[in-house]
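OK, TrEMBL features for this one:
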| type | residues | note |
| --- | --- | --- |
| TRANSMEM | 37-55 | transmembrane segment |
| TRANSMEM | 67-87 | transmembrane segment |
| TRANSMEM | 99-117 | transmembrane segment |
| TRANSMEM | 129-154 | transmembrane segment |
| DOMAIN | 359-560 | domain 'Calcineurin-like phosphoesterase' |
| TRANSMEM | 659-677 | transmembrane segment |
| TRANSMEM | 689-706 | transmembrane segment |
| TRANSMEM | 712-731 | transmembrane segment |
| TRANSMEM | 743-762 | transmembrane segment |
| TRANSMEM | 851-879 | transmembrane segment |
Amino acid sequence: MGSDKQTTGLLETLRMERVRTIWTHTYPYPHEHSRHAIIAVVVGCLFFISSDNMHTLIEKLDSNVKWWSMYACLLGFFYFFSSPFLGKTIKPSYSNFSRWYIAWIVVATLYHLPSFQSMGVDMRMNLSLFLTICVSSILFLLVFHIIFIGLWYIGLVSRVAGRRPAILTVLQNCAVLSIACCVFYSHCGNLANLRDRSHQRKSALPGLLQLGSASDYPLLSKWVIYGELGCNGSGCAGSSDEISPLYSLWATFIGLYIANYVVERSTGWALTHPLSVEEYEKTKKKQMKPDFLDMVPWYSGTSADLFKTAFDLLVSVTVFVGRFDMRMMQAAMNRSQDGAQQDFLYDHFSDKEELWFDFMADTGDGGNSSYTVARLLAQPSIQVTRDDSVLSLPRGNLLLIGGDLAYPNPSSFTYERRFFCPFEYALQPPPWYKQDHIAVNKPELPDGVTELKQYDGPQCFLIPGNHDWFDGLHTFMRYICHKSWLGGWFMPQKKSYFALQLPKRWWVFGLDLALHNDIDVYQFKFFAELIQEKVGDNDSVLLVTHEPNWLLDWYWNDVSGKNVSHLICDYLKGRCKLRVAGDLHHYMRHSFVPSDGPVHVQHLLVNGCGGAFLHPTHVFSNFKKLYGTSYETKAAYPSLEDSSRIALGNILKFRKKNWQFDIIGGFIYFVLSFSMFPQCKLDHILQDNTFSGHLWSFFGTVWNVFMHVLEHSYVSMAGATLLLILAIAFVPTKVSRKKRAVIGILHVSSHLAAALILMLLLELGIETCIRHKLLATSGYHTLYEWYRYVESEHFPDPTGLRSRIEQWTFGLYPACIKYLMSAFDVPEVMAVSRSNICKNGMESLSRGGAIIYYASVFIYFWVFSTPVVSLVFGSYLYICINWLHMHFDEAFSSLRIANYKALTRFHIKKDGDLEVFTLAVDKVPKEWKVDPHWEAEPKQPQQLSHHRKFPSKWSAAAAQQEPLNTVKIVDHFVVKTNK
């Protein structure tokens, strides 16, 4: 015991926690240092190249303007293709794939262009040597790790060694090791130092890495790579028995990796991690960040959720609409003895003197935006400034959520991760809450509470939106009607629609419009009877629906919600003071213009800023009338000017926000230009002497190719026709058929022209390289054949090591290297196939040869086309939303804007008037940390979270972005009641 105490004191005295923090990575087992190694290798590479070849570069720059221009063009396309992934994390997988994809084709391109050779850098040698060393290193380290894990399994090494190494870490270390060897070879070569120092080379570096002669290691003499003979004169015939310095360097790096790995996985743990495992895990939890999901990528070509959404919508519309309606099932299953109102009507708020309650809608998209709104809703009060005075707005006793609880489709995953998770972080559920619990007899009140009126915590009532109906309301019924807690908000609700009797003769009607955009007859019957039996002549009603049909009907020039209109005009008869809806992800309020006619609804309010992507406001600025009453726009958030300006992001940011659209866009452009590959007659473009002549010939050729597509091609014409049909169908139906056809034709023509221009640019680049004999000179395996020649000349093998390895691996050793190197001969494959087609016709290629040719073309054409297709499509959306006021949903869902979030807070005052505050946050934080106030506040075991002063776990990492500090009032008005 005494020894333990002394050890602990020693660690505290030496402050080993601080040492551990400095020495080690933030994650356990930090045996990889690839990032630092890569930086060191790059700096070293630049130093070696610049020190020896800077003068050569300057002297030959003028004579290589053509090739530097081609470099600039290629690297420009590669940059725009990879720009969305710069600075991204390793997730999602497509981002990581794109990095490797770009690296591959950039190296394959640069290796065939001449400018690096003029600088003294032979890309072929470096590339082939890199691939050989990398593959050998990977195989060697995999064998080592298998042996090491086997030793751990039988108990010969420490328990810490049982953690399996990350494959990515092994690949990174092998890549860094191979790059270092290539840089060394480029600068020093493979000449061995002789034991006779009279023949010592100029560079001292190889001597430092010399392991000596193979004769010094008789057991290893047949397993080493030999260097070239490093002497002059006729007496130096034959190969040296000196071990290659390149092999020495490789062996040194491999040995360091193994030694570091073994020491760290055994004895190194006690030094670098003095904390116990339990203490370390506790510290790590404190440093954790919320695992919020990103905004839904609506234009993703790789998202299974979006395909499921489309399928669910198709099934819901074709199978359930008009055939099966969950709302009718709810009415049929209601077995109340007091009529049909017990499960739909709640009056436990009616006796209060005053009441604060909140409204939000369209949450469950991005975690940052949803949590921002939930954090504001959860606070005991919000401090805001109005007219130079500070107002304190207390938390609502009631929260109304207006549908679309999770995107893109209702499922257990989206409800739990996109909807429940942010709310549970904002206001934690009670200690006894179980995630899988099903509430059978609602309301399931906490212990000590006998009736709903006695519960003093916040409560929540919700209506479903169109996205919640995509699965026939199954998930909504499971997670809302049969659960009791949304975070710390109690949910007594049993059905998908409800009526709330509030103080001072106020009512809330929550309507379920389903996918019909209207209430069903049973729902109509319930509300009609309620109005006749219980709603007084001087009562006031706040009507909550998911869709704001007053705006959507005006926009689409349609009429929907006839049952709702009938209920408002013929039953409520002016008692509907306020209609509130979501669905449109912005805030707008239209108030009636006083007139002599009847006013069925005084205020029309849309607030769908609960967490989903932003919608424009300027598209709906011309709405004027509903039910014969004139209205004017009183508030819009964001402002009409800001909304129009935000739409410009479609041109500038479409691909950055929707890089997964590449899968669709690149394939479309390839189909549009498929029939035009190859272009064999390009002499007239290359032979013009003036720049204007080049341009004139180029665009003349584009026009000829365009006409050829229309007159002779099959695949490209079929693709263009199908794209035209989809483009016309994509135009909103509010536009006349003639305008839809014109817009669709212009849209498709721009895509077709862009695809053909890119095709011609690619063909011109290949033709230029062929004319300068950079491509189509050897065959399909030029890199491998060249390397085998250089290998036999510069890496002697007097003991026959390579032939033995080839025999023992049944030919896999050279075959793997050969076909791996052929991956970097894609331009050569493309050029050789193109030359054969131009000379002998397409019939000269076999079916497999044609597939290889078009696949090699697609590899490069995809990179060129994806930034362009995003630019053209983004420009189309910008023109439509700002000039034609079309595609409001498509043009803003593409931007995936998490900012501009808002909630509406209502206050039924003691005099019966309804005061309305809309609170908004312009910028949503992206980084969060554990709120120190939340962490420091004492927590009782059975304490409900709404009793805490600081109920939310996470606060913004930057104080200037904290929602509680940046929240502001964007609209305020008072609804007078009939006294």
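Any Cβ shown, glycine's included, is placed from N, Cα and C.
Describe the structural surroundings of these features, if you would.
Residues 84-85, 94-95, 98, 297, 299-303, 705, 708-709, 712-717, 719-720, 723, 751-752, 754-756, 758-759, 763, 853-854, 857-858, 861-862, 865-866, 868-870, 873 of the same chain, all 6+ positions outside the transmembrane segment (659-677), place their C-beta atoms under 8 angstroms from a C-beta of that stretch.
Sequence-distant contacts of the transmembrane segment (712-731), counting only residues of its own chain at least 6 positions beyond either end whose CB sits under 8 Å from a CB of the stretch, comprise 668, 671-676, 739-741, 743-745, 747-748, 751-752, 886, 890.
Same-chain residues lying 6+ beyond the ends of the transmembrane segment (743-762) with a Cβ under 8 Å from its Cβ atoms: 73, 668-670, 672-673, 676-677, 679, 698, 701-702, 705-706, 709, 720, 723-724, 727-728, 730-731, 735, 857, 860-861, 864-865, 868-869, 872-873, 876, 880, 884.
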As a test of reading the model: what is the averaged pLDDT for the domain 'Calcineurin-like phosphoesterase' (359-560)?
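Across the domain 'Calcineurin-like phosphoesterase' (359-560), the average pLDDT comes out at 93.
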